[in-house]
């Protein structure tokens, strides 16, 4: 888009610079301008209400709940659903989260969501104040379900719902009449990636509840230990034995080795048992500790494991984990624009871009890792060396903030990619419950196929899924806001989970908490 002969980004830059000039020279206009930001201890300008975004990012999880909803449910257009889940195999699998815009409960991304929500609280929960309890409730909604899914030794229930049949319908979760098939892994049908991620989730959550509920924390830790033992003993990919049910939805592309290392790192942190440190030392390289990649999400945990283990080296001074500082630095260098070895791609508007399908998950997860690593480096008084250039914690925080600001509206379209935040946000997200009339507005059942007329329409979603972060724009900063475009318009729990910690840090940094 051109404006008065200038490109839009240039005009925006000039306006931004002019605005900054006014702010920086506010005292030059006594009586005419008052800068409210000066009240805050943080010297920089907060372009967004990070506290509001934090509240909404946690609230989103209530819209994704499956099972019997509590009396204090805040997203009121949702109702009970999936109350017979598990009955197909005579087990109780009621509860947990729908991962995205459909009505299937996928255990693999649900476990990763839980791990990242827990890590958000572990690193930045002390800054959340009134939202800390809501974040813990969101975690416990998941861990209560994961405890059910792992209640029978040697078996983990990893999915409820036939995804192919579910996707053939466009119906509210409250109306589900598609098969609630239950899929499990065991020694005959192993699934080390989903089992290890579940162990990581339980171990991380045990740290969250260590002070507030020691009994629950110990239960989570004990279960994490047994689930990890199962994952490691019976090695194999769940997307092999359960391929026709889990692929292409959450097919494991990176292998299960990253999850084993990731889970061992969390168990080492949660239990302090030297067994796990020995496991990491003996198996780290075999499990891919030194592989060079810069992707962190529901499938690939290598980078997350490196950052987490580097904390043990930097903060706890575990000298045997020295190499993980180097591995973590390599990741950092790969995403710093202009740095040596940088391989990351950014859109013209400045958004980190990994892939077309749900790209925003990589934005939120990477931003969280940048802030967490900056925290560790600051404590240890260290920097990242990228080909002779020192990358400071301040630089990492600035990059993370830029990504979050883009997500919240500082982008060429001036659109927030968080539903319900800011004056302009997506109106037609790919989400069944949000797009169809609520039970209160339309008590009669909406049949399987009749909902597709709504899915294909241009009408805005009647129910606002507050806090939902969607897949986001393409590599050219374009976003069509089409409900049928699941790659760009679908929300997911694992997009929001790491964002919770990042927003808590930013809200605190700018005096909003």
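Cβ coordinates come from backbone N, Cα and C, glycine included.
Automated prediction, rather than curation, is the source of TrEMBL annotations.
Keep in mind that what you see is a predicted model, and the values were worked out from it rather than measured.
What TrEMBL records for this protein:
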ACT_SITE  430  active site
ACT_SITE  481  active site
ACT_SITE  490  active site
DOMAIN    50-503  domain 'Glycoside hydrolase family 9'
SIGNAL    1-28  signal peptide
Number of Cβ atoms other than its own within 10 Å, given for residue 490 (active site): 21
Spatial neighbours, same chain, of residue 481 (active site) - Cβ under 8 Å, 6+ residues apart: 426, 427, 428, 489
Rounded Cα separation (Å) that holds between residue 490 (active site) and residue 430 (active site): 5
Cβ neighbours of residue 430 (active site) where a neighbour is any other Cβ within 10 Å: 24
